[in-house]
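Asks: One structure, as structure tokens, below. Some questions next.
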């Protein structure tokens, strides 16, 4: 009986979540319908607990009638986990394997899709600066969440992660002292303004928006892990469209193109760090 | 008849003839030899015996004569003897003859001879006897008359006998001769007839054999060895050897024909096999690289159907899982979608399902009329044959192929189907396995991604929790500390204070430098002025000497002022050094008395030094600085007191808050200071009244310097004053000098005190310095300039600094000061360099997390990596940018 009840509840939960996401889409235009079910479910329950509600339907009522609740839920859905030089080997590989192939480009356009608070974009800017390529690079950081972009635009990050960032920076093959790039003011780390000269932060939703430029490099790490297979394929289509021939795609270290519809369009650049080159 | 028989018969008959001839010849020969023996042995012997007789008789007659004639008795006797011998010989010969003579005539003659001889003997015997009796004449008579007659008769008879025998000899010769003739004849006949027979046999045999062998040869020569299928046969039914050859040839021809036939069949089989293999290979190779089951199915039907001349084909495959019992249509050929609606088929359902269930092919040779129709644009017809074949791998059905054709399949096509289905089974199986693996991989990819997203969410939640915590903490702090709220209210003032403080610091630094530069030329100036004022050469007018003296006096004043400024700025810029030693209080008292008693006496003031009980003999402090403070306070007291007294009270102060301290209270009865001016007086260049300076002289720096020095010594100065009544300046000093921490405590005390009293003069601690303030840094560098610069900069930010000049000392310092928060480590040092020192530090488990910042003059990448390898937390290059260093230290001192 318990098992049956469990199953029934499961089904009910599914229905409620589907209704909620459909409602959000119709009312606000945010499309979370193709996010991974398990993740979206956890986020929803997270919000329900905070709001001291009991059911998803209860949350649905609040979300649909109160845009502020939607904002909160929206913030819950966008998981803004990032750090500077996250997975240092990724940046080290980029430095060693990709940079040499970019030196002769007249201009280097890089898109950080789902850049969150921008740490990754700043990391890239530092790396390009050290390789003498920053002056001819344009870094585009996009995220669906505008509030995180505001933080990114300031170029100042909380101090508490800086020890980790310093370590990452070194492991990523940094060529100078990390402290060259920042000053600490009022408990915040302000990065040098010159890093931001060629940086653009803009709101962009991978699910609903289209391609906006052609890039030599697109970095989209740990974004699609929240998407189900059809949506992953859709986003891969968007990325493919936005990538110039022989352009590079960087994914999170748990991701890959192998099972996507665009698997055959890329060749692997590195076995462990997920860099792919568009070959057709 | 066989040649063998013929030849044996022919030759053996000739042999027989020869034998017969031999027998005849040998019998004739025996006959001949008998005749000859007879002639030689018998006749000859008989003739010889007859001759013997003749001879003996003749001898006897001779002897007889002799005897008769002989006179001597002895000779007679001798003759007689010989006579008897000869008689005996005649008798023996006659006996032998008698024995061998067989012819009638001869026997008669012999008998007559016998008689004659007997009578001869008788007469002879008479003759002899007469001879012996001497009657010789009678004996002669007898011999001549009688014995000679008988002898002659006898001899004639013997002659007869000889003649008979010779006649017989003649006869035997004749007979032998006849026989020889006979032999010749017989031999000739036999030889001639034998030769004739032999020739006949040979001729016949040769002719017969030649003819038949020619026939065989002609047949054999007809055989064309290229076409071995229809060989000619030799028509011959004889049972002889050539017949055998013919038969053998016929057999050979037959087996050759068979062989040729078999070879043809074999070649055909080979061709079929090769076609089969080629087609199978073609189909399987076109399947290579296909990883989608539908694509495979479509490729297969497209390839296979035309190969077997079929017009319709559907390939059903098992869906997805290996244990599924359902087939779905995956590939079609000549398929009319309207007619066949079935999309999936359960195992056992219909013929296709049945075939799958049993893993057995089903063939329908008579397809019912409306079973299926194979159509084109022009028309349609029902197929003749329908075949349903399962595709399996290791007995496991993976799919079913349904084929329909207007014709029927050749055995080769059937074999091809069987073969290809077997291979397809393997291919399909590997695709299924590939699909399974790929599904599993996909699943694991999804799970990995899910894990990653969970970990990110967790990270996010952690951060949220932390920020909530921090917020709570902040709120708690806010509620807890009134002071902070007050501080907020006074924000503006504080910022001003900071600016002022900063301005003053800059000024101090400037002055410290300037004063130093000023002193040198001023000293030269003073020395020259003094030389002039002394006027040793006596060549100056008194007025000129007065000028020089004025220069000297003013110059000295200026020098004092500069020294004070220098002291103050040294203190303010943190460059004042203190030397701690044991200082006897008694010495201080005598010093004060010695210096200020005379001044007090001069001004008509009372001067007293008192000491309460419990004051220790000696304390630990910088003697020179203490003297300076006391001098300053006392000279101020003397300066601002016109009448009354100046008094120094030395006592002890004991509180719960802090350690015991010694108290020097300098009391005067001078002009006093208004409460609002009491703080200002400690600021540089401030005196209670702007005009004071003019009235009382002095630089106005004394109190500032004293207070700063008191701070440096770990103490402080407190003022109590009433305008017009007098002032008490109290110096509190710790009994023991405890590095900077005391200063800090003192500061904290001051701060609290200041806050409590609402004084605006406290040094504002900016939020920026919060991270550094009170932290203890160990600077390890062998370059004193660096140590000095770093120490100054760090102390300015209220940090405590200890230093060491090489790695070994650095480690020692760490061991002595367990509370070091951060280490700044130079790399290039004597004795133990920075790498080694960092490694040593890291090898101690207590210092694993201690932030160590490497200072390196080299900007090489290798150098930097070496620092990191050794265990440095971060690094900064020399010359050190202070702003950068502070940011970096804030990062590493966070938390």
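For all residues, glycine too, the Cβ spot is worked out from N, Cα and C.
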Asks: According to TrEMBL, which of these ranges is transmembrane segment: B:107-131, B:132-156, B:157-181, B:182-206?
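Replies: Within the set B:107-131, B:132-156, B:157-181, B:182-206, TrEMBL attaches transmembrane segment to B:182-206.
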Asks: In terms of Cβ proximity under 8 Å, which residues at least six beyond the ends of the transmembrane segment (B:182-206) contact it?
Replies: 3, 6-7, 10, 13-14, 17-18, 20-21, 24-25, 28-29
Asks: How do the residues of the domain 'Response regulatory' (B:776-893) split into helix, strand and coil according to DSSP?
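Replies: Here the numbers are 57 helix, 24 strand, 37 coil.
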Asks: Determine the mean pLDDT over the coiled coil (B:437-503), rounding to the nearest whole number.
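Replies: The predicted confidence over the coiled coil (B:437-503), as a mean pLDDT, is 82.
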Asks: Provide the number of Cβ atoms within 10 Å of the Cβ of residue B:826 (4-aspartylphosphate), excluding the reference atom itself.
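Replies: Its Cβ has 26 other Cβ atoms within 10 Å.
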